[in-house]
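Below you'll find the structure, written out as structure tokens, and then a few comments.
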Amino acid sequence: MEKTFLMVKPDGVQRGLVGEIVKRFEQKGFQLIGSKLTVISREQAEIHYAEHKGKDFFERLVNFITSGPVFAMVWHGDQVITLSRTMIGKTNSLEAAPGTIRGDYAVHTNLNLIHGSDSPESAEREINNFFQPNEIFTYSKNIQEWI
Ligand code: IDP
């Protein structure tokens with residue numbers, strides 16, 4: 001079992017896609033174990049996107065991600081890191097396949113609705129950047145054996 005950090009970006013919140021996005025991960029069979037609507041600080045954004053520091057789109061990315069509320073989530077499940085990335089779709093909006101969140105709802109790469117961790121290491125770092133330990137809940141569901 002793994003944990004991952006998923007975040008509906010400001011464009012997804014503005015467009016009213018929080019429910020649709022949560023629904024997809026719930027219906028897949030993953031478990032929501034933490035969530036909050038929050039406006040992230042510039043410092044948090046720079047930590048979150050540290051690997052892009054120095055790139056030409058970095059400033060715009062940080063300005064965008066801090067421009068309004070995001071819906072930050074922690075999800076739990078088997079292979080949730082890889083499977084949630086598949087459900088999100090490719091970064092480049094021209095390559096995001098129909099059926100994926102970006103493929104179904106996003107037009108531009110810089111307004112691509114959702115972030116998902118790409119490895120166990122990033123997931124841990126990103127969860128710690130956005131959540132306190134007491135904001136994450138583990139609980140069992142009997143349905144789990146059917147998933
Ligand atoms: P990911 O969100 O699919 O994991 P990353 O490479 O981590 O993709 O990039 C983080 C975010 O930075 C992307 O979701 C996108 O919003 C933005 N981004 C990445 N590459 C570009 C680009 O070439 N132009 C504009 N924005 C970009």
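Each residue, glycine too, has its Cβ placed from N, Cα and C.
Note: TrEMBL annotation is automatic and uncurated.
Marked as active site, pros-phosphohistidine intermediate by TrEMBL: H115. Here TrEMBL flags K9, F57, R85, T91, R102, N112 as ATP binding site. Look at TrEMBL and you will find 1-138 tagged as domain 'Nucleoside diphosphate kinase-like'.
Annotated pair H115 (active site, pros-phosphohistidine intermediate) and K9 (ATP binding site), C-alpha to C-alpha distance, rounded: 7 Å. Taking the Cβ of H115 (active site, pros-phosphohistidine intermediate) as centre and 10 Å as the limit, one finds 19 other Cβ atoms among all the protein chains shown. The C-beta environment of K9 (ATP binding site), restricted to residues of the same chain at least 6 apart in sequence and closer than 8 Å, consists of F64, I65, V70, L111, N112, L113, I114, H115.
Looking only at the binding-site residues T91, N112, the densest Cβ neighbourhood within 10 Å occurs at N112.
Each of the binding-site residues F57, R85, R102 was scored by the other Cβ atoms within 10 Å of its Cβ; the lowest score goes to F57.
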